[in-house]
Amino acid sequence: MAVHLWKKSMEIKGKSSHREALNIESGLITDDQIPQVCPASAHTVGHDSWQQVSLMLVTSFNCGWILSFSNLMMAPLGWAWGILSLIVVALFTAYANWLLADFHFIQGRRFIRYRDIMGFLFVFLLGNMGFILLGAKALKEINLAFSGSVLRLQYFIIITGVAFFIFAFIVPNMSALRVWLGASAILTFSYVGVLLVASVIDGKANSHKDYEVKGSTVAKVFDAFGALSAVILCNTSGMLPEIQSTVRMPAVKNMRKALYVQYTAGLMVYYGVSIVGYWAYGSEVSDYLPKDLSGPKWARVLINLAVFLQNVISQQVGTLLYMIQMFIQPVHEALDTKFLKLDGGIYSSDNLKRRFFLRALVFTGNTVVTAATPFMGDFIHLLGSFILTTLTFVFPSMIFIKVKGETAMAVQKAWHWTIVSVSSLLAVATTISAARLIFTSIRDYHLFADQ
């Protein structure tokens, strides 16, 4: 009898909990009261503090890619349009991610991956080639500082790919990065600090800086859209559900705390580097900022070494080492969930063997493609235009319309339909610009070019 009463009470509780879960979007309950109907995953879910995720975001968004942003964002736009674009895009990406964080739970289900939420609502990879290429360029700059013999870029691409593979094998997921966050932060702020000081010294010494936007009218238009895609990339990852899945309950509140830190402390760093680099070297600023430094050799070596190490960690989260891990996590998670034994430990002998071959497959493919087409700026433009514009701006508003369309006010629906329409047009324009850059690179460079 006692067992029967217990089962009955649990059934009633379950039905009540399900009804409560439907009220999460209206704010009647908090997300820590929701029954967690969560898809199976080989990676850790709901374990990390918001402070850990905040530090991960700050370091990851200040990885080595920021060394290209002066050239990619400011030079094609100039001072007025450049600063305006930085401000507007930052505001809209912060809003879009804030909005998306609210849909971590929908109708009692927890969505830990973009592919899950889009499949659930609309019946619907981020790659890391740019990170491998950036790490290789950092190694090549270190080699140039100590040796008169110049090795081909492809050698450094292979070395970087191997380093990324080893780190991704040892550190299987984002939660496992917690022990690396301190080192990631030290590396990030070390190279950023040295870079800013060296750039300011160069800028003061250079009295003939030219800020004119180069090119024909048509070229300026295409380059401007390419710059916008780079601005989008520097402000968003396109994988917020995957990051939010690691956060402890209440997941929505804690994720938004982490976003506040990213769009304040984190943004000031990568925008600061972008603006200072453009101020110091003008429109001729290199696509890899350390190339322009005229300071002591030790400064260039320190910057490039820190960038390489951070790049390795960034696979998972934040430094360039670190950042590659973060942005390729959806790929790792999908493969691990499909091929690893979920009832076994992540470090069990069987899962270690499987993960070894999965990581080897991913990084071998990425390394070969990167070595064949080493055009880093094109990767950044294409990533920002084709993927991040839609993931960041279009999908959150589509989700809002789908989930809250029947209860939302007319002005809210009009606002989100406007975002969908304008962002879709922006995605088309920036993708065309990125395709133009790739075709230009194919014309100017051969496969396996030593850039």
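Note: Cβ is positioned from N, Cα and C throughout, glycine not excepted.
Predicted, not measured: the structure shown is a model, and the values here were computed from it.
Taken from TrEMBL, the feature domain 'Amino acid transporter transmembrane' covers 48-433.
Annotated transmembrane segment per TrEMBL: 53-73 (among others), in sequence order.
Taken from TrEMBL, the feature transmembrane segment covers 79-100 (among others). Under 8 Å from some Cβ of the transmembrane segment (79-100) lie the Cβ atoms of residues 73, 211, 224, 227-228, 231-232, 235-236, 240-241, 256, 259, 263, 267, 271, 274-275, 278, 392-393, 395-397, 399-400, 419, all in the same chain and six or more residues away from its ends.
Per TrEMBL, the feature transmembrane segment maps to 120-139 (among others).
The transmembrane segment annotation in TrEMBL covers 151-172 (among others).
Here TrEMBL flags 179-201 (among others) as transmembrane segment.
What TrEMBL records for 221-240 (among others) is transmembrane segment. Residues 60-61, 65-66, 68-69, 72-77, 81-82, 85-86, 89-90, 93-94, 96-97, 100-101, 114, 126, 213, 215, 255, 263, 267, 270, 274, 326-327, 329-330, 380-385, 387-389, 391-392, 426, 429-430, 432-434, 436-437 of the same chain lie 6 or more positions beyond the ends of the transmembrane segment (221-240) yet place their CB under 8 Å from a CB of it.
Taking Cβ pairs closer than 8 Å, the transmembrane segment (260-281) reaches residues 54, 57-58, 61-62, 66-67, 69-71, 73-75, 82-83, 86, 90, 93-94, 188-189, 192, 195-196, 199-200, 202-203, 206, 209, 211, 234-235, 289, 292 in its own chain, all 6 or more past its ends. As annotated by TrEMBL, transmembrane segment applies to 260-281 (among others).
Under the heading transmembrane segment, TrEMBL lists 301-324 (among others).
The transmembrane segment annotation in TrEMBL covers 356-376 (among others).
Among the features that TrEMBL reports, transmembrane segment is placed at 382-403 (among others).
Sequence annotations record features per position, and here TrEMBL assigns transmembrane segment to 415-439 (among others).
Listed stretches 151-172, 179-201, 415-439 were compared with the transmembrane segment (356-376); the greatest number of C-beta pairs under 8 angstroms is found for 151-172.
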